[in-house]
Amino acid sequence: MELKKGLGIIFLSATLLLSGISISPDVSADTSKTTVNHSVKKDLPNIKILATGGTIAGSSESSTDTTGYESGALNIETLIKAVPQLKKLANVSGEQIVNIGSQNMSNSILLKLAKRINTLLASKDVDGIVVTHGSDTLEETAYFLDLVVKSEKPVVVVGSMRPATAISADGPLNLYNAVKVASTKEARNKGVLVTLNDRIGAARYITKTHTTATDTFKSPEQGYVGEIAGDKVFFYNEPTRKHTVQSVFDVSKLKKLPRVDIIYGYQNDNRYFYDTAVQAGAKGIIVAGAGNGLISDAALAGARDAVKKGVVITRSSRVGSGVVTHETSDDKDKFVTSDSLNPQKARILLMLTLTKTKDPKKIQEYFNEY
Ligand code: ASP
């Protein structure tokens, strides 16, 4: 693995040198805080890039390797130095929060990231934030931040689908676009935004829809909020659900988040996963149900018993788009429904609502609003 990373870095270095860009010789997977400061220009916004890893920081020994590479191999210093054009957009500085594949993103890292963003945005010296992130769970982090960032200043989450060492790597332009959006006044008060592949999505709506393609991030029903074209930012829509400064969720005093698990519904399923989740200490369960969030009779027995033990059951859907409608049977069962949130985003909202209340009625109100 080390050898693989080393060769990838040599390739990246060679590519950058050929294109006239010099990078620091230290390109190790450094997870400590790193800061890069270009000389400050007073007329430019100050944008902080918080790096967490992912493919955008990925490296491989082969330029044609777009799947077997190592995520989170390059540090923020290297990523910033690889895009010198950033200097024209903003006074950019970087900080390494973690350097991981986003499948390893945890609740404690989410809390650390959110608290750091709130501290930075409270300063008059920071005009916007860019978070670099693995694409796999990017939508979960973006939605979490959408619910807990206490600022109208732009927060843009960005990733890539091809590692930095690949032919036609998409990371550098995605990063450039993210800093561009974060530097744009119109990006204020639009909730947390996601930029990949020249599109701007709202954290509440955007989701990863393809395992490997660069046009993977889509908002199936609500659409993008804007796009970047010809080096300009265009906004067309606004997210209508509550976010950031309108949100009641506050992480400032939270040390951990309540455990919420997701259970997938399928033919011939059973109640075992419900029993196991309850036993393992879940305070909430999201059901990735069939169609309009339906649960089989066998699994339903487990879900109902979980409610009796104080666990909040929320019906979402495995379909990928559309609303899960709230039925009278949900009131009887004391179930919550997820509106149009997919299971992984419903989990984020349920964790945060559980920091406020355990009452399914009140939790349903939150799901109707956020
Ligand atoms: N495994 C990577 C991650 O999510 C995939 C990516 O970034 O595209 O960290």
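Here the Cβ of each residue, glycine as well, is placed from N, Cα and C on the backbone.
Remember, predicted model here, so these are calculated numbers, not experimental data.
Under the heading signal peptide, TrEMBL lists 1-29.
Taken from TrEMBL, the feature domain 'L-asparaginase N-terminal' applies to 46-240.
Long-range C-beta contacts of Thr55 (active site), restricted to its own chain and to partners at least six residues apart, with a cutoff below 8 Å, comprise Tyr69, Ser71, Gly134, Ser135, Gly159, Ser160, Met161, Arg162, Pro163, Gly171. If you look up TrEMBL, you'll see Thr55 marked as active site.
Taken from TrEMBL, the feature active site, O-isoaspartyl threonine intermediate covers Thr55. Look at Thr55 (active site): DSSP puts it in a helix.
Residues belonging to the domain 'Asparaginase/glutaminase C-terminal' (259-367) score a mean pLDDT of 98 in the model. Marked as domain 'Asparaginase/glutaminase C-terminal' by TrEMBL: 259-367.
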Worksheet item: Helix, strand, coil residue numbers for the domain 'Asparaginase/glutaminase C-terminal' (259-367) per DSSP?
Response: 46 helix, 23 strand, 40 coil
